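The next block holds one structure in the form of structure tokens; read it before the comments.
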Amino acid sequence: MASEQNIQTFRDFLTQYNLVAEQCFTSCVNEFGSRTVNAKEESCANNCLDKFLKMTQRVSQRFQEHQILNAQANGAAM
């Protein structure tokens, strides 16, 4: 049971990782004339990932706050 949950968690992580990588690549890499990443593309990709991580952290924080409020409301109702 725990192993299945770990596998699903890892699959979810990989799916999310691939979506972020694709989105940041599509948004940031526009020139394919060189084999190297230029400074503008690197900066864009770093900013893209940073924004995603901050957004994920903020959503997680809000979800926890919501869960706490629900638990308090359910405790007060009893």
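Just so you know, glycine gets a Cβ as well, placed from its N, Cα and C.
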Query - Cys44, Cys48 - which one Swiss-Prot pairs with Cys24 by disulfide - result: Cys48
Query raised in the report: How many whole Å apart are the CA atoms of Cys48 (disulfide bond) and Cys28 (disulfide bond)?
Result: 8
Report summary line: Students should find that the Cβ of Cys44 (disulfide bond) has, within 10 Å, a number of other Cβ atoms equal to 18
Requested in this report: Express the distance between the Cα positions of Cys24 (disulfide bond) and Cys44 (disulfide bond) as a whole number of Å.
Outcome: 8
